[in-house]
Amino acid sequence: FIPSKSMDPTLQIGDVLLVDKLSPRISRQISPRNSKVNDIILFSPPSELQEIVTKSGGNLSSRDLFVKRIAASPGDKVTVYADGDVEVNDENVVVGRRDLCEAEPLRLIEKYIQPNKDQIIDSDKVFVMGDCSSVSVDSRVWGPLDTENIRGRPILRLWPMSRFGKI
């Protein structure tokens, strides 16, 4: 179940997904780089994200998962700018259109963004972003995600039936 606009228009509020939780666990043992750029993943929130949710008045259970798209993989050079733009290996990253969610009341990205100089993504991490970058609290805010936190990949949208199909 998708609760926010952070992945609009790819995943919308109320979408129900079938998630493959087995492959990431098996393939991680074979290769730590099984996830690649543009993959959509579900993950357990890192402590930095848990802290942001708590400070914003939210609660998380141990079973709560977040969903984002991988924008950079191990070894990539990432630069985050104050306006939320991101460059990976000196190329602008377009993960989605910011204007798709302009009506969203919580523009947390502007409050929490952490601009940086170039950073190289460690071998056990990925840089994730939401498709609706104006409202997505993602690696631009809390840094690269440890691949150990990856729990699965959505493979099928089950609901609503009008959007049923492969992700």
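Heads up, the Cβ atoms here are built off N, Cα and C, so glycines get one too.
Just so it is clear, the model here is predicted, and its values are computed rather than measured.
Taken from TrEMBL as is:
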| type | residues | note |
| --- | --- | --- |
| ACT_SITE | SER6 | active site |
| ACT_SITE | LYS68 | active site |
| DOMAIN | 2-159 | domain 'Peptidase S26' |
Sorry to bug you, but what's the C-alpha spacing from LYS68 (active site) to SER6 (active site), rounded to the closest Å?
8
Excluding its own, the Cβ atoms lying within 10 Å of the Cβ of LYS68 (active site) add up to 25
I'd like the number of other C-beta atoms within 10 A of the C-beta of SER6 (active site), please.
27
